[in-house]
Amino acid sequence: METAPTRAPPPPPPPLLLLVLYCSLVPAAASPLLLFANRRDVRLVDAGGVKLESTIVASGLEDAAAVDFQFSKGAVYWTDVSEEAIKQTYLNQTGAAAQNIVISGLVSPDGLACDWVGKKLYWTDSETNRIEVANLNGTSRKVLFWQDLDQPRAIALDPAHGYMYWTDWGEAPRIERAGMDGSTRKIIVDSDIYWPNGLTIDLEEQKLYWADAKLSFIHRANLDGSFRQKVVEGSLTHPFALTLSGDTLYWTDWQTRSIHACNKWTGEQRKEILSALYSPMDIQVLSQERQPPFHTPCEEDNGGCSHLCLLSPREPFYSCACPTGVQLQDNGKTCKTGAEEVLLLARRTDLRRISLDTPDFTDIVLQVGDIRHAIAIDYDPLEGYVYWTDDEVRAIRRAYLDGSGAQTLVNTEINDPDGIAVDWVARNLYWTDTGTDRIEVTRLNGTSRKILVSEDLDEPRAIVLHPVMGLMYWTDWGENPKIECANLDGRDRHVLVNTSLGWPNGLALDLQEGKLYWGDAKTDKIEVINIDGTKRKTLLEDKLPHIFGFTLLGDFIYWTDWQRRSIERVHKVKASRDVIIDQLPDLMGLKAVNVAKVVGTNPCADGNGGCSHLCFFTPRATKCGCPIGLELLSDMKTCIIPEAFLVFTSRATIHRISLETNNNDVAIPLTGVKEASALDFDVSNNHIYWTDVSLKTISRAFMNGSSVEHVIEFGLDYPEGMAVDWMGKNLYWADTGTNRIEVARLDGQFRQVLVWRDLDNPRSLALDPTKGYIYWTEWGGKPRIVRAFMDGTNCMTLVDKVGRANDLTIDYADQRLYWTDLDTNMIESSNMLGQERMVIADDLPYPFGLTQYSDYIYWTDWNLHSIERADKTSGRNRTLIQGHLDFVMDILVFHSSRQDGLNDCVHSNGQCGQLCLAIPGGHRCGCASHYTLDPSSRNCSPPSTFLLFSQKFAISRMIPDDQLSPDLVLPLHGLRNVKAINYDPLDKFIYWVDGRQNIKRAKDDGTQPSMLTSPSQSLSPDRQPHDLSIDIYSRTLFWTCEATNTINVHRLDGDAMGVVLRGDRDKPRAIAVNAERGYMYFTNMQDHAAKIERASLDGTEREVLFTTGLIRPVALVVDNALGKLFWVDADLKRIESCDLSGANRLTLEDANIVQPVGLTVLGRHLYWIDRQQQMIERVEKTTGDKRTRVQGRVTHLTGIHAVEEVSLEEFSAHPCARDNGGCSHICIAKGDGTPRCSCPVHLVLLQNLLTCGEPPTCSPDQFACTTGEIDCIPGAWRCDGFPECADQSDEEGCPVCSASQFPCARGQCVDLRLRCDGEADCQDRSDEANCDAVCLPNQFRCTSGQCVLIKQQCDSFPDCADGSDELMCEINKPPSDDIPAHSSAIGPVIGIILSLFVMGGVYFVCQRVMCQRYTGASGPFPHEYVGGAPHVPLNFIAPGGSQHGPFPGIPCSKSVMSSMSLVGGRGSVPLYDRNHVTGASSSSSSSTKATLYPPILNPPPSPATDPSLYNVDVFYSSGIPATARPYRPYVIRGMAPPTTPCSTDVCDSDYSTSRWKSSKYYLDLNSDSDPYPPPPTPHSQYLSAEDSCPPSPGTERSYCHLFPPPPSPCTDSS
């Protein structure tokens, strides 16, 4: 059957036409008007019209399914399953637009019915499995049925008798009846029923009609299901909806896409009303007779009901009802003001509330936007706010219960907010952050933020409060899982439980009983303990695969389960268990609350306890707290902003202490600090800077701990000293490990090495920007204090008779230096020239850190564990500031007076392009190391000639003969096991191969990082780059691959071009491109035979330069100017050179080379690196003389590359520099200065000699010539010793004969059994030479002289060409008791063999002598091909439509065949749509709506799965215009449950080359598979690898990059 043409929908009719149609209904019409849904629109058609054309009522719809009307108002209602909405329009209003009636809580509203008397809408939802009712405007919505429903569909009303009817096509198909108020539910039809789709009531005859799409009938029965009769049977294809008028039934059919009619009594008089519809769905007769008016008890005063008045079949024939979740008061008329006990639920992208007052547990979505990944949720019963955390938005937000008033409270310095808790008494909000590993608090409005706990937290999760007792409890699921307790101010912290815990996710307090409950997602238990830590016991441990959210209200504990996708509850005493919600994905936290009940109080409830900011009730007293940056006054209630304060480092923390009051030590909430050492600040930006000698970084943050960032993170070893130049906005530091003093801008830019010579263990730094001096101490063999200009020049020793001077500080007012001496245990001072030395304090146990402010000096003492102060001139009035401190490294006073003054750099950076460096009386402009300053413009130019060398985790730059700057580590992120490096001098990109088998690139300042190749992006995941080289002219990168043993080429923009060289035995490794001459040189590490080869850049013209004197050549470099090739052999430990042609081989160096791994040429020198000796050395490249060590003590060396400037003239002169020489792929410079275009091996050059295209479509038994006039030759001619291709490519790269083949003298290989068979098979007849030799002992000699194995004799198969091995077999056969069967087959066998030989000879003569050789001009292939490769597209069709046929002019040659499609011809459509295949598993919240079904009973009534539809043209899938989404996302019964969050710990190795292995799946939802269970967090910090999949609901839709979602909970990725 051909597909009926789909007509474009007509334009909407003029409003006047609808008015005329509607008004025509007022008088009795001769034929009814049919209202039907057509997916994309709702239409009207006159069933008795002449033209039978439909009129559009509503257009531009997504997926209109069910439809009904209210005749008295002219209103039309319909459901849209794509928009998940119920909508309305009017027939009698000009230009009426569609209105939304119900837009939330719907998933698949399949059925719709209008109660025209009670003015209600009823509908079914086959996904939520509910039947609901609401007023016609959508208000007072109520769920009537939610249990024992399984795919409800059609619904019909009989308001006169108070009944509703519906069909259910689930596991137990049936038709049910109930009162319209939800009472007297009864099954009336449950036999001989399969897919009951359509349903309608004959109000006049009191009959019920329904259509069954599977059994293909229309039946009727009495309204109680009795007296069932057939109306139409057997001849229906796929009836969907039906209605009636008078004696006529009307129905829609999915397969015919038509509306049909018949007599309702007999089923006869069938006719087609309207055909060629887009997709006819529900249908109604738009007539007054279908909605007769009558009086009901609800007419007057809504029956006395406050909300819903629903008709009923029982006296008084109506019932009052309340909206979902609200209880009816005892008077039976009035509803309560709202739900009292509510379960608040956080899902991934929405919040929901579930009333616990009513048994339906319907979840209602809060209308709050921009929820991306909600985690935890809580509620404030006083103000009615819902609070939640969102770890994708990185914020804490709140809104009212109805979704209004949404606010963002906290969205700065918050990484992964997890648990949340409301202190409804003190009006504070607590939360845990598993990213920053903190517990913090604010006021409920988001102000007065303070960190309470920041130490010894690993993965804090749930948090609950006990305001009455002043305690808080939280869980930590880190390496040492535990449940802890502390006061509400974070003090008096102690561990409550730390044994037999895995992932304690949920936590709940029973305030009345004094008990603490928790759920563990790893041990799969719910446990309880007294709040004092006693009497621990297990409440539940059955079928708890992965608890996450957890809460308690009254007698019940509620929890969410990630794997079961359910919300359940258990009685806390009886342990009885119920399921609240089942099969709802993306479940996170939940909170059960009584929305109006406030429990408990404390002194903070009265005037905030007298506190100005935060009030904390604790078990001992009420305490006031201050937000970050404020200090508490001596009244212990008021917080102020301090004028000055002390800041000090103490290993992993940085603290601030008030100078005014004691006991005010506050840890600055900084993340990622390991071992802070030096400390300074920038008062103008309120920044604090510190060095970390463990992380080897310099970092900064605001004084409140926010915006932590690394300023310097490369090339540091032990940065012990640091100082901020607050005028020039520069940062200075001293590195004891590298023996350098460096400077950079405050953001880390323009880094310059200032001093690196004659430094011996530099330590503390101090700056005097006003005077232009820098001061530092040295701890080397001769300790001293040194001064220099701030540009690093004019160094001089100020103090030389000193011990280990530490923490140098300056009194800017009195112009004096202060320092601590660790050897003499004194604090000393001098003037700024090192003179007038005086001891300020002596006999100190161990003074270390030092600072000065006003009239005092402040110092730390490691032995006393204290901070003290004293008079700065006399050392008197010593005062203890703080005790009980360990290892305070540095100390300073944060105050503006410490950073005052002016110099030239304050204004416009001194007009300098990069660095403005103060010097006495002025300033000097400076540049980043290796950059050159232009004195006139004061701008800096990057270096053009330099060396790059790589280590395992770093790439450095150096200029060998530059005495002004040493080598510098480049700020390149993510370097891991760097193997090879290269550089593009045009675009200034560094390229490297890393340990993850990627080729990456970035600018030398670390910007614009990108990846050229990776296992996940490449065509083959088995790629392992070894070496790389760049052709700067054609903008391509060549690289060798260890895994595939190929040479590949990429464009520098990242596009892969393909393979240029591969061979069966090739193992190319080191590579060097000589683009100026069009060649590449490479080492070929074949088994036991290393070679150095040369080839053209397209892999052709291969030439072996050297095969001897090589063992393991590891690196190559080309010097084009000198015309030399250099290489180093790691096993022979020598460096050699030769001409580019391979001549004049010369050994340059072979002494004291231990482990060479790379070499390069720069200027007059040849450089190499030696990994074992940790050195970079060089010699003169022509003679090998003047060997010099360039750099020493460089560990883990891996590569070296020289960069020289390429002039514009030199570049422009290259033939490939302009537009790649016009080539589409590879451009090669020829000797005459012109370009030659070529292609990778999988493509061929087309006739225009510029463009590469697919190879010619030679048949599988043919060989494709690379270039030339001839495209295809028979495969047998390949490697036969006679070149047939014009370019002789058929004789290139011929394989070595296998063990079962005989090698002919001219290279041809023939079957070994054809050797000495009496007939020449080699072209040179060498297989028949020397055939008189004696056969081996285990061989049989044929009559022809051929030798075959003895075991092949008499095996019933002729192995000798003359068949002599099968002769005389019966004579030589051992005696047997069996009677031999008579056979006379020997003669015919010999005849057949001889015939075959004759035919073969004829064929050979025909092919070789008589037949004209094929040339491209006479072939059927497109002659635009000039070259080719032996690959044939699967669906090639020769030009002219011919798919096969002999070569023209060659009648005796083979035909050229191409593969043909098995699917069908053009325009065919698939039998099903994979996107909507029945039973397809999806993990999306919007589409995962299945439940775990028992074994299959019925396939769903869908065109996609109905066998009767497989041979038709219309399928309801997104593949054809019929629909963009199936009307019903059918789910096959018995399929697996929807996918769950990826539940494996994925550990990504830095250097692994293996692919991901397939996952295993849960067979039992009640057990975890240790040790690889799903981690209990949406964002695990342990998963940092770029290819890893975070095991959380956050990955439920994507399952990490391109991998498909698993069809069930996964437990292992091993």
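Placed from the backbone N, Cα and C atoms, the Cβ positions cover glycine too.
The feature domain 'EGF-like 2' is assigned by Swiss-Prot to 600-640. Within the same chain, residues 425-428, 441, 443, 447-451, 467-471, 487-489, 491-492, 511, 658, 660-661, 664, 666, 668-669, 703-705 sit at least 6 positions outside the domain 'EGF-like 2' (600-640) and bring their C-beta atoms closer than 8 Å to a C-beta of that stretch.
Marked as domain 'EGF-like 4' by Swiss-Prot: 1212-1253.
According to Swiss-Prot, the N-linked glycosylation site annotation covers Asn92 (among others). Under the three-state DSSP scheme, Asn92 (N-linked glycosylation site) falls in the coil class.
According to Swiss-Prot, the feature N-linked glycosylation site maps to Asn137 (among others), an assignment based on sequence analysis. For Asn137 (N-linked glycosylation site), the count of additional Cβ atoms within 10 Å of its Cβ stands at 12 [all protein chains shown].
A C-beta separation below 8 Å, combined with a sequence spacing of at least six in one chain, links Asn445 (N-linked glycosylation site) to Leu409. Residues or ranges marked as N-linked glycosylation site by Swiss-Prot: Asn445 (among others).
Close to Asn498 (N-linked glycosylation site) in the fold, though at least 6 residues off in sequence, lie Asn480, Pro481, Lys482, Ile483, each with a CB less than 8 Å from its CB. In the three-state DSSP assignment, the secondary structure recorded for Asn498 (N-linked glycosylation site) is coil. Annotated N-linked glycosylation site per Swiss-Prot: Asn498 (among others), in sequence order.
Under the three-state DSSP scheme, Asn704 (N-linked glycosylation site) falls in the coil class. A sphere of 10 angstroms centred on the C-beta of Asn704 (N-linked glycosylation site) encloses 18 other C-beta atoms. Taken from Swiss-Prot, the feature N-linked glycosylation site applies to Asn704 (among others).
Swiss-Prot lists Asn877 (among others) with the feature N-linked glycosylation site. The number of other CB atoms found within 10 A of the CB of Asn877 (N-linked glycosylation site), across every protein chain shown, is 10. In the three-state DSSP classification, Asn877 (N-linked glycosylation site) falls within coil.
Per Swiss-Prot, the feature region 'Beta-propeller 1' maps to 31-287.
If you look up Swiss-Prot, you'll see 340-601 marked as region 'Beta-propeller 2'.
Residues or ranges marked as region 'Beta-propeller 3' by Swiss-Prot: 643-902.
Feature annotation from Swiss-Prot assigns region 'Beta-propeller 4' to 944-1211.
Feature annotation from Swiss-Prot assigns region 'Disordered' to 1002-1025 (among others).
The region 'Disordered' annotation in Swiss-Prot covers 1474-1498 (among others).
Taken from Swiss-Prot, the feature region 'Disordered' covers 1567-1599 (among others).
Sequence annotations record features per position, and here Swiss-Prot assigns repeat 'LDL-receptor class B 8' to 470-513. Listed as Cβ neighbours of the repeat 'LDL-receptor class B 8' (470-513) (distance under 8 Å, sequence separation of 6 or more from its ends, same chain) are residues 419, 421, 423, 426, 428, 430, 432, 439, 452-453, 457-464, 519-523, 529, 531, 533, 536, 547-552, 557, 559, 572, 599-600, 602, 616-619, 623, 625, 1573, 1575-1577.
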For Asn92 (N-linked glycosylation site), the number of neighbouring Cβ atoms whose distance to its own Cβ is within 10 Å equals 13
Simplified DSSP label at Asn445 (N-linked glycosylation site) comes out coil
Excluding the flanking five residues on each side, which residues at least 6 beyond the ends of the repeat 'LDL-receptor class B 11' (686-728) place their CB within less than 8 Å of a CB in that stretch? 412-413, 451, 628-629, 647, 649, 654, 656, 668-680, 734-738, 743-744, 746-748, 751, 762-767, 769-770, 774, 776-777, 790, 890, 894, 899, 901-903, 905-906, 909-910, 915-918, 923, 954, 956, 968-972
Taking Cα atoms as reference points, rank the glycosylation sites Asn92, Asn137, Asn704 by distance from Asn877 (N-linked glycosylation site) and give the first. Asn704
Would you mind giving the whole-number mean pLDDT across the region 'Beta-propeller 3' (643-902)? 93
